[in-house]
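Asks: Here it is, the structure, as structure tokens.
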Amino acid sequence: MDALCGSGELGSKFWDSNLSLHTDNPDLTPCFQNSLLAWLPCIYLWAALPCYLFYLRGHRQGYIVLSHLSRLKTALGVLLWCVSWADLFYSFHGLVHGWPPAPVFFVTPLVVGVTMLLATLLIQYERLQGVRSSGVLIIFWFLCVVCGIIPFRSKILSALTQGKISDPFRFTTFYIYFALVLSALILSCFREKPPFFSPKNMDPNPCPEAGAGFLSRLSFWWFTKLAILGYRRPLEERDLWSLNKEDRSQMVMQRLLEEWKKQQDQAARRQAAEASGKKLSSEGEVLLEGRPRAPEASFLRALMATFSSSFLLSMGFKLIQDLLSFINPQLLSILIRFISNPTAPTWWGFLVAGLMFVCSVMQTLILHQYFHCIFVMGLRFRTGIIGVIYRKALVITNSVKRESTVGEIVNLMSVDAQRFMDVVPFINLLWSAPLQIILAVYFLWQNLGPSVLAGVALMVLLIPLNGAVAVKMRALQVEQMKFKDSRIKLMSEILGGIKVLKLYAWEPSFLKQVEGIRQDELQLMRKVACLHAISTFIWVCTPFLVTLTTLGVYVSVDKNNVLDAEKAFVSVSLFNILKIPLNMLPQLISNLAQTSVSLKRIQHFLSQDELDPQCVERKTITPGYAVIIHNGTFTWAQDLPPALHSLDIQVPKGALVAVVGPVGCGKSSLLSALLGDMEKLEGKVYMKGSVAYVPQQAWIQNCTLQENVLFGQALDPKRYHKALEACALLADLEVLPGGDQTEIGEKGINLSGGQRQRVSVARAVYSDADIFLLDDPLSAVDSHVAKHIFDQVIGPEGVLAGKTRVLVTHGISFLPQTDFVIVLSDGHVSEMGTYSALLQRDGSFANFLRNYAPDEDKEHQEANNRLALEDKEDEEVLMIEDTLSNHTDLTDNEPVTYEVQKQFMRQLSAMSSEGEGQGRSVPRRRLGAAEKVVPATEAKASHVLTQEEKTELGTVKLSVYWDYAKAVGLWTALVICLLYGGQSAAAIGANVWLSAWTDEAAVDSQQNSTSYRLGVYAALGILQGLLVMLSAITMAVGGVQAARLLHQALLHNKMRSPQSFFDTTPSGRILNRFSKDIYVIDELLAPTILMLLNSFYNSISTLVVIVASTPLFAVVILPLAVLYLFVQRFYVATSRQLKRLESVSRSPIYSHFSETVTGSSVIRAYGRSQDFETINDAKVDTNQKSCYPYIASNRWLGIRVEFVGNCVVLFAALFAVTGRSSLSPGLVGLSVSYALQVTLALNWMIRTISDLESNIVAVERVKEYSKTEMEASSSGGSSFSP
């Protein structure tokens, strides 16, 4: 390098330590300034260029019109290029005129000139690609300015010392260059206009991130607006931004489905190749490997292929952050050496303090970019998995449905997809943790030599101990879950049959049963809590024990090993870094184990058989016919015998065909076969035209009555009114509180069986299809209503006359009016023909009639009598009898398998139930004829059966905390706080003792009474651990006590609530209190409080230590505390509401999914699969709309809080430098190593405050239902209030 700079007047050495380091007025040599310092920004830009160009090619967003800003930036680039070339030509001018300059004066202007030209071209290329703010160029200009500051200063200093400017031309060009570079940096901070030809953004509330500049994205400044809004008033759904295009369900789904399809095709090809290979292999050939497994499509590969770019980006961020985290301990080492050396120049100290701050800020910015990238990736994982499972659920065969209940399929979507989202943030630890451990051990070895192995060995030995505790806790939690499940199951049964329970006054015995299960559950909770206390003890003692062992071994091994401040505190900070990956690894391994189980379950589900869409031929058919089955044999599953065999059926267009036969002969199966829901073993099925299907169990959606009838079609008032009239629903509209805008509960809970069936028929009528498949629609209604529906809808005179109708029925009275009758027995057609022809044959049809006729006669007799009595009444009023008949209870009429309900309730317990809050009964009123069909806009608000969930707004009331404290026990709470205070005091004591011990070495460079020093240090550390363990056990006892009391109050209140409460409150909502909220109180509240106390006392002790060692720090505490509290107030208000919105928008996804799974055959029959997929995507997007800002809010907070922490580090180091004459190296090491940990504590403190606020809401909700109105006690006369 010296040769490059030449010799003579303008030449200089490349490096001169006397000029640069050992002086009070440091400077760099002209050679260094002209070479390396000038090349640094150029090297950066050329290195970044290939990756950046590759990125830009894949992210084209339309071009930006040439603006004044763009012109100005380009002009500056061209001017900088001219300045560099002027420098180059000046060097050539010198060469020509006989005073040749050093080679560096040719190389540097050439390199800088070419780089400036590249930057100018890049400005224009970015404009054409639609880049509004360029991070790469901002960093480039920033580096140019930083590298220009040193020559800027040294040129002025040399001119002042020499009294003249030695090289006026280069002096002038440099200052022109510096001014231009600074202007370019300022201009690059401004954003360009949006791209010109980009698709117009019609979004009313787009996410500001998409248009945010580089600096705004780096610091998450774009989120500030929402944080301020959330602070001013509770956020609502309309305040949330739309999702970015690449985060929307449709985009993510499309990519994932494509990759999954590729995987399936590959697996199919491999399978085919293997199959052909087996055929070719001769019989004598012996395969050494044994029987190979059939190749399966890998869902994991599909996921990795879909999200690989995000994953690689996150790896880059993580790598940089890991490397940066090791710089501060090295800087601390230099700082302690500086304090120990009184002759060192003061600027060294300020430089180290500044570098510590810069390094911490860079670490913060990169860490939060990494977190944002990885959490958003987790969000996309969940979106993709939910969408894939939903689409699969619409096409699975019945044999798959037989294997897994609705609840199990819903669990795939809720639990398993969530597990993926939870494990993604840890994935990079697989390579990052070993890297951090290797680097930490390497630096520790440099510091303490082989003694470090003792500490590392102890850490490694503690991992299996931690693991054993975790395994035991897991086993107990699984057992606890069983009790929880049986308790929830029992509660669900109690709520399902509460009417019967109250009539028989069985409450006390059921109360005893629930309390018995709860007692066992609490017993296990105590054990889990004690294990948790042990693991906390290990967690707190590990860093201390490791430091103790290492330092103990270090001073004992050799008398010459002296423990000084540098060795002690640098080791402590390195051990603090080492602690994180070692503690995370066991958690990562258990998370990965759980996720691998989820992956297998999802992959198994996605690889299941699908219904064959080609099984029913819809394009061609023999003219004149609507339905033809030719030699059809069908089964429900491949391993079951055929349910229908050798069917030959032809249904002419426009015919009304009745399908009759004894129970279980395959009537419903025949309709399923026509819909393509059964597996076809042989034969052909032809069906031409659109289909409407009315299943035997009416499938009703949780929406308004009108939406149920329209089923996604546009409203035609005339046709709609006609459908309602034909299905005798107009009379019901008079009874229902909101007319046709009445909200129908889940599974049609607030309609009678007959009403549900008639809504289902009305849906078919409104659909105006070509073929109607009606599966016994008249069985659920009273006989006179059945007659009305047959006459008005199905029969020859009904609204469907002229359409093809296949009617499965037991109603014999309607058969004479049909065109022909199909008689089934044992899965095949025994007879077929017109009613009269079959009667004459006296075959199985005549037997069927003889079996069913007596019941029918009785019913007809009753119906006729009734009609005679009420002849004067309008016929519609008769329908009300069906409406108000005793079909109203779900349990009377609908055999919903309990298993399904239980599974779904269990899964729902993990979310906040949709639409809670106190229900209220609405008085009935008769509607005038004109009012019967209520316009959709009205009535919706006033006629909802159950009110929307009352979401609490704003801060949680202090009374809720007080309620919980009282449940824990006030003395217990006080003891916990005191024990934590004692633990912090012991920790400070141990570190101060270490500081004093290291200072002893500084005085006489040898240490006496090592064992005494070690003994006291060990005693203080163990005392700290014991106090933590005691406080954890006390908290556990208090937490279990609170859980017992709160559950008891809730249970006793609910058992004594009047029946009216259960009529107006959905059971899911009450069950939610017993499952989700009690779970939070049982398992989440106590650990959250412990974590909060831990981070609070950590932050306080840091401040105490720094103020004690550098009292001047007290001046900075107040402004930093104000900034911290300011950020905390904004964050907690916003994040709390975002969390609430997220939990409220999550349950609709799952309820919609379970609804879809139960009604999949109806959805497929009406050809609405795609619409339902779109509805599901929209519901997922609504949920992600509150998840995304919640993730951003954590990053926004993290950057601001860590900035406060970084300022603490800066001021602790600065005040140590300014007061170095009065400070010992031990104290400086103590205060700065404490400061380096404060960021984490401050961050955790806000997080746990926010978590506590989210979790304490459970106490609020449980209390709300523990204080509802109760009946009089059963001993005091009447047990029930009216």
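Cβ atoms are placed via backbone N, Cα and C, with glycine included.
TrEMBL feature annotations, pasted as is:
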type	residues	note
DOMAIN	312-594	domain 'ABC transmembrane type-1'
DOMAIN	629-851	domain 'ABC transporter'
DOMAIN	974-1254	domain 'ABC transmembrane type-1'
TRANSMEM	36-55	transmembrane segment
TRANSMEM	76-96	transmembrane segment
TRANSMEM	102-123	transmembrane segment
TRANSMEM	135-154	transmembrane segment
TRANSMEM	174-190	transmembrane segment
TRANSMEM	423-445	transmembrane segment
TRANSMEM	528-556	transmembrane segment
TRANSMEM	967-994	transmembrane segment
TRANSMEM	1014-1046	transmembrane segment
TRANSMEM	1103-1127	transmembrane segment
TRANSMEM	1203-1221	transmembrane segment
TRANSMEM	1227-1246	transmembrane segment
Asks: Please figure out which one of 135-154, 967-994, 1014-1046, 1203-1221, 1227-1246 racks up the most CB pairs under 8 Å against the transmembrane segment (528-556).
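Replies: So the stretch in question is 1014-1046.
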Asks: Can you name the far-off residues of the same chain, 6+ from the ends of the transmembrane segment (135-154), with a Cβ under 8 Å from a Cβ of it?
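Replies: Same-chain contacts beyond the ends: 27-28, 30, 33, 37-38, 40-41, 44-45, 48, 52, 119, 122-123, 126, 174-175, 177-178, 181-182, 184-185, 188-189, 214-215, 217-218.
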Asks: Using a Cβ cut-off of under 8 Å, list the residues of the same chain at least 6 residues beyond the transmembrane segment (1014-1046) that approach it.
Replies: 518, 522, 525-526, 529-530, 532-534, 536-537, 540-541, 544-545, 548, 551-552, 555, 964, 967-969, 972-973, 975-976, 979-980, 982-983, 986-987, 989-990, 993-994, 997, 1078, 1081-1082, 1085-1086, 1089-1090, 1093, 1259, 1262-1263, 1266
Asks: Considering every residue in the domain 'ABC transporter' (629-851), what is the mean pLDDT value?
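Replies: PLDDT averaged over the stretch: 86.
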Asks: Taking a Cβ cut-off under 8 Å, which residues six or more beyond the ends of the transmembrane segment (76-96) line up next to it in the same chain?
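Replies: Hits for the transmembrane segment (76-96): 105-106, 108-110, 112-113, 116-117, 119-120, 123, 169-170, 173, 176-177, 180-181, 183-184, 187.
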